[in-house]
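**Q** After the structure tokens below, expect a handful of questions from me.
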Amino acid sequence: MPLLEIRNLVVRYGEIEALRGVTIAVEQGQVVTLLGANGAGKSTTLRAISGLAKPASGDIMFDGHSIAGLGPEAIVRLGISHVPEGRRVFPGLTVKENIMLGASNRKVSASQISREADAMFDLFPDIRAFSNALGWTLSGGQLQMVAVARGLMAKPRLLLLDEPSLGLAPVIVQAVFRIISQIRKDTTVLLVEQNARMGLSVADHGFVLETGRIVLGGKPDELWGNEAIAAAYLGGHAKTHA
Amino acid sequence: MDLVLQLLFTGIGIGAVYALVALGFVLIFRATNVVNFAQGEFSMVAAYLMVVFSVDLGWPYWLSFLIALAGMALFGVIFNLGVYYPLRNRTYLPVIIATIGASILLSNSVLAIYGPQPQVLQGWFDTPGIQLGPVYLDSQYLLIIGVTILLVLFNFWFFEKTLLGKKLQATSQDKEMASLLGISVSTMIMITFIYSAVLGGLAGILVAPVLFVSIQMGSTIALKAFAATIIGGFGDVAGAIVGGLALGVIETFGAAYISVPYKDGFAFLVLIAFLVFRPQGIFGERVAEKA
């Protein structure tokens, strides 16, 4: 049984049908990457899983139970942590406070949370020095580190990562992806990326979304091998790099 | 010089009341993005609760005080569920209108019960005050200042040192993200309304012996408190406190040296000056608290 299984998911924003029957499965221990152009429905898929968007029809099964229609507070308590687009680090709280609040879905003492947050800096040494800096003072790369660290504080069984590479310098993108490949040892990851090359480099499985539908799914090698996909999403020189 | 010290004491005393109500304004504004136009009525309701328990029923002052505060906590729950919660997913406008409606309903309900005559509530202490050198320290003003200092310290501790305070701040900065982390947004807003109602209620109970207890007392205090939040910097906790104290001092000096009938006018003159020359207030709008 897959850890996460989405069947025929339809999500509407008013008149607009953002997802038109999406079906994907994520196995325990995998990193699955969702590729697609702007507006294809990648973020909406993650928002539906974490409870921010209500499904119009279809089902979302987590660990064998339907979670479609539950609110975000209930879903994160079940063990799905969503690091949304734009990082959304609380600007008026410090880095450490932001990270500590990531444990709000668990019943643990404040001192325990503080210790866990300190330990989190081992995985993210680059932001350790900014522990007491307010969120709004950080750079994009630092914000991304804080956002992922905060997401991990939930001790999720499934981590949803939305465009972690967006707007970051290449060297920072590589640092972020190094962290993702470390996380995967303990956590199942569903990753949304526009940067297909990076996204597939860490993935066990990939899906391609196009205007609210899954048009292709497979192992990274198979996706690389598909001429149409390579041309559409991986750029003209994709094959030579692959 | 003696007069200056005396006026300073009185000004800070009345300013402390504005500061408490302004703090209630700011906390609700930050949690819900809506100005609560019934904030003044929180003070008025609490003062009338004191009249009910302490004067009408003749219960001991301290007991009436505790029951009135507990009543205000309950009032905060009811206000949240009745006025804010049903409209929480709408824009700010319906919520603002609802708070104005609640304000009218509250003052007219009290009018129907107690009539237009102001009620008198005695102060906490039997001693009217103490003479300290050239300054006469009124006991009720001393109480007001003491309670305000304690509350400001509590407020700082609560929001800066506790995890719950951080969750409240997170909720006021980004509700959707807070909910993604498992923070119960509706609980955080409920806590804010309860805290704010108790703060406003405390201000009303403390100032009642200085003013009369009347249905207008709420709107008078709330207008000054609202001016204080703008002078201090809208949405800023420290600004609300400093703005409230400054306003109390300014209007007390204005009344003494310029004109007593225009006492209330000075507050608004200062407000207008700030709106023209420094609309962001004393503390400005910090980037940190913008989102």
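Any Cβ shown, glycine's included, is placed from N, Cα and C.
What you see is a predicted model, and the numbers here were worked out from it, not measured in a lab.
Residues annotated as transmembrane segment in TrEMBL: B:6-29, B:36-55, B:61-85, B:92-114, B:141-159, B:180-199, B:238-260, B:266-283.
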**Q** Using a cut-off of under 8 Å between C-beta atoms, tell me which stretch among B:36-55, B:61-85, B:141-159, B:180-199 contacts the transmembrane segment (B:92-114) the most.
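**A** Looking only at B:36-55, B:61-85, B:141-159, B:180-199, the most contacts with the transmembrane segment (B:92-114) come from B:36-55.
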**Q** Should anything in the same chain at least six residues away from the transmembrane segment (B:36-55) have a Cβ under 8 Å from its Cβ atoms, list it; otherwise answer none.
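**A** Result: 21, 24-25, 28-29, 61, 63-65, 67-69, 71-72, 75-76, 79, 83, 96, 99-100, 102-103, 106-107, 110, 114, 119-122, 196-197, 200-205, 207-208, 213-215, 217-223, 225-226.
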**Q** Quick test of the contact rule: Cβ under 8 Å, at least six residues beyond the ends. What residues does that give for the transmembrane segment (B:180-199)?
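**A** Here the qualifying positions are 20-21, 23-25, 27-28, 31-32, 36, 39, 42, 69, 72-73, 75-77, 79-80, 84-85, 88, 151, 164, 167-168, 170-171.
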